[in-house]
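S.K.: The annotation region 'Disordered' is assigned in TrEMBL to 1-23. What TrEMBL records for 1-50 is signal peptide. Taken from TrEMBL, the feature transmembrane segment covers 168-190, 202-232, 252-272, 305-324, 355-376, 383-416, 428-446.
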Amino acid sequence: MQIGTRAADTPPRPQTRGRGGIPSHRSVLRFLAPLLLALVILGVAPSAQAASAAEDGYRVTVNLRDTSNDNAPVEGVDITATPEGGEAVEATTDADGRAVLEIPAEFQGATVLVELDEDSLPDGAAMREGAPAEQTVTLNISTVGVTFLIGEDNRNVMTKWDRVPASIYNGLLFGLIMAMAALGLSMVFGTTGLTNFSHGELVTFGAVCTMLLNTSLGVPFLLAVPITVVAAVGVGWLQDRFLWAPLRHRGIGLIAMMIVSIGLQFFLRNFFAYITGSRTEVYDEYATGAGSDFAGLFTYTTRDIIIAGVCIVVLAAVIAGLSYTRLGRATRAVSDNPALAAATGINVDRVVSTVWMVGTALAALAGTFLAFQLGVTYQIGQLMLLLLFAACCVGGLGSVWGALVGSLIIGVLIELSALVIPPDLKNAGALLLLVIILLVRPQGLLGRRERIG
């Protein structure tokens, strides 16, 4: 299914198809030229970072499991954390083998010595031979994890080929989450023609909003997620009602609106930086989970399976809505020809506003789930923006199915790239694929070939 690329309240555009029915480079350049311009701006514009100290203190978490006892949690072990220049903090592991040590906020950036009392280990449990009973960590994020090795080393040395199934699994999960945000970006571009550079910050909004509800207000995570989605719907309506709709009605060009979106991007990023500071936060619930082995190929968690299921249901619902509902047909009509759609009685402004609300909600939900992998940081949108553009271009501009397929391809490619190149460069593979697709098939993998005239 293809969503067109015309802006609302504008007359039909001239032919953009090339010889032989293949879309010319003009439509692709309409999408990529603003991207290249913004990259130049992003390279020279200052990115403000909040250096505010932590207000709620830090947490050092310890998880103990005995590999000699089927990876069972080790309960009742005494743990001590001593920050440099401060007093020792003590805790005992619970039935899940977990201990949390609270460190005051004044020790931001300090070094902490974490010690395990071997005498408190239960009968049958012992430190692994050669493994230290004390470790040193630095308080540069809100929650620092420490692992002590207990039991025999029964790990199998894995080759790169052994890690391929796990990489594919992780890539598909990442791709499903990214597909929701990419679908929102593709819908906005398809109905308005706007290359929205602030879309990544809408992803950040979802993570930050859920974190504030869960950690600051104590709202259960399962309740915080729908509240965040509802709030995102409101944000989508507000930004269209008071920003994008007035610009459209005044006849502002798409390039000018794109520049406005870049300014909005910087504003939102610095606003989120002010809220979260320079630290990486985590949710109070479901931050970690015991993994289960799948046929010896990879390890999965119940949390990840639920996230994947939610993503599939949401994506299927949106695609079905666009295909079979009156609103979906109206959306496609506005995308193809807004003037003709208005002449047939379709409320163009209402359709575009709905697209903004749905697109923002999808981005926020994706940000909520991405925070499990990336942590809650104001940089989530910055990290995801280019990948979202790559997914849309690889799958096909304005194509709903293209956003999904492109996201899955990008997700798997990123994870597989980490097997052969340094992990810090794994995103480069996605951008290389983007270049190849634009050279070989500029309309994207699922872009339609049409002849006009």
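Yeah, the Cβs are placed from backbone N, Cα and C, and that goes for glycine too.
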S.K.: With CB pairs under 8 Å as the measure, which of the listed stretches 252-272, 355-376, 428-446 comes out on top against the transmembrane segment (383-416)?
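M.R.: When the Cβ pairs under 8 Å are tallied, 428-446 comes out ahead.
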S.K.: Are there residues at least 6 beyond the ends of the transmembrane segment (355-376) whose Cβ is under 8 Å from a Cβ of it, and what are they?
M.R.: 141, 174, 177-178, 180-181, 183-185, 187-188, 191-192, 199, 202-211, 225, 228-229, 231-233, 235-237, 239-240, 244, 276, 280-283, 286-287, 303, 307, 310-311, 314, 318, 331, 383-384
S.K.: So if I exclude everything within five residues of the ends of the transmembrane segment (305-324), which remaining residues of that chain have a CB under 8 angstroms from its CBs? That is, six or more out.
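M.R.: For the transmembrane segment (305-324), the sequence-distant neighbours (Cβ-Cβ under 8 Å, at least 6 residues beyond its ends) are 1, 3, 172-173, 176-177, 179-180, 183, 331-332, 358, 362, 365, 369, 372, 400-401, 404.
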